[in-house]
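Enquirer: One structure follows; several queries about it will come next.
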Amino acid sequence: MSYENCQEVINNLENLLETGEGYDVIIYAGQSRIIKAMHVHSIILNTRSQYFRAELSKETIEKKDGKFILRKPDIPHRYLLIILRYIYCGKINLEKLKSLDILTLLNNVQVFNIESLTSCIKEYFTKNKHEFLQQNEKLFKTGEEHDVAIYAGQNNDDSVIRAHSIILRTRSQYFHAELSKKNVKKKDGIIILRKPDVLPQYLTIVLRYIYCEKIDLTKLQGSDILKLLTIVQIFDIQPLIICIKEHLIKHKYDFLRQNPVEILENTYQHKLFSELNNDCLEYICENPEILFNSENFVSLKASIIELLLKRDDLLSDEIDIWNNLLKWGLAQHSNISQDVTKWNKEQITMMERTLHGFIPLIRFYDISSEDFFYKVLPYKELLSAQLVYKVQEFHMVPNKKLNVDIQPPRLKSVDSVLINSRHFALFASWISKENITIKNNPYKFNLLYRGSRDGMKVEEFHSKCDNKGASILVIKIQNSNYIVGGYNPVNWKLSWSDTPNSFIFLFDNYKSINTGIIGRVINPQNAIYSTNDRLQFGSNDNGSSDIMIDNNGKCSSLPNNYPDINIPRNFVADDIEVFQVV
């Protein structure tokens, strides 16, 4: 058949639809007052539509005066007319349709299972997506033509968000399922949805993304983004989850400092956030006081506690881990006294069941004999008798080889009695002026000198440390938790050292690296000085310095060449360590 003849047939079929001449089927489309009758032809419907072929073949089909009667109350007349025109002559004109019309048409076409028309509409929507999303955004803002009212939050009578069922259905599987429920409520033709567990501001963000794929996370605080993430996971909007993931990873260091425990709670079971979750775990393990001091710690799920206790890099003293595990366990039972001596048999059993899976994860052999006696043995009812016996044997008979597998210490191997790997990662960050973690620390810190081992005289220091290159000096102040010290980027020698990169530091609690304060040199010409009987960071005219160390660990501080970081003016070193920086 030639093109001209084919076009003539198409035009004749279109004319036949418009006139209804010789019709034998009546289709009633729409509801109530807007029902319209359409006159069509069974021979065309049967040959060009599987859906209508099945409908017209039903034994129960209604007939009147020799005409087939079909009723389509769920589809407005204008959409059915578009579909029928496509069935008759393969023609469709979508240019005059707005976004809401396109989506409604697409929804109805899928009912009739016309794949070629479905593909045509989807292709047109994709081609004009930007314009349609703009229309969707306007619809969302104005609420015009809405047929859904969503009541959000606890006081949800005051928080109504107007929406459009066709947009929700076609762009969200969650809402498609919600709106398809048989018991969905309606009032005056408006579908009513209630979301008491979702605050209005977060639901508005989610719905705006569904409507027009727009979201601005830069205006949200870290805690708001985490709450939003929880809600988005409920609605299972994968593109938005990925968007939030990318934003969190891009700004992960800021968020990790603000909300590491919350991030861990919200990401630990989500595959998409495995990278962020690993970063979060590492950050918490490097800074466990953030976890243990958090108000959220006692409400963490048992699976998260187990995840953390299994980590070799959880940088906390084992006795502190034990104490915090007890704190978490007690928080699960508000009726159990904090005083273990007041526990009855039932309460002991309850705590034993709560902590049973965690006991093997505590490295009791790394707890000192004193701490084990005073802080663990009172809870011996929670431990096996064999474990208690073996740990006591380990401490009381140190030369005996035990027939047990002892887990290695959690803290990475650092030859220091004063500090741990977290401090060295922070020192590395101060030296390089970049963010460095334990995992990516490019520096090695080799112990050169320890006062309690090598002697507290300055000449002993020089014999171990001179001409060894850059070094970190660490002083533990007697009868306190203070640690002070400094960085010398050049060789120690019996003279002045001019260096612009030296610094001093102070920790008012050596167990927490978050208390670390750095003071970089102000006058590099007087940065470092040493003699046979004293070491100095900086100098003053009166013979004092920013940090001065004399024989026998006597120290003083009078700020001048470095900033005043509140180092005590006079103190005695409990111990001193010096580490070569490689």
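Positions of Cβ are set from backbone N, Cα and C atoms, glycine also.
Sharing the features that TrEMBL gives for it:
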| type | residues | note |
| --- | --- | --- |
| DOMAIN | 23-96 | domain 'BTB' |
| DOMAIN | 146-219 | domain 'BTB' |
| DOMAIN | 417-582 | domain 'TLDc' |
Enquirer: Across the domain 'BTB' (146-219), what are the DSSP residue counts per state (helix, strand, coil)?
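Expert: Reading the DSSP string over the domain 'BTB' (146-219) gives 30 helix, 18 strand, 26 coil.
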Enquirer: Based on DSSP, tally up the residues of the domain 'BTB' (23-96) by helix, strand and coil.
Expert: 30 helix, 19 strand, 25 coil
Enquirer: Express the predicted model's confidence over the domain 'BTB' (23-96) as a mean pLDDT, rounded to an integer.
Expert: 90
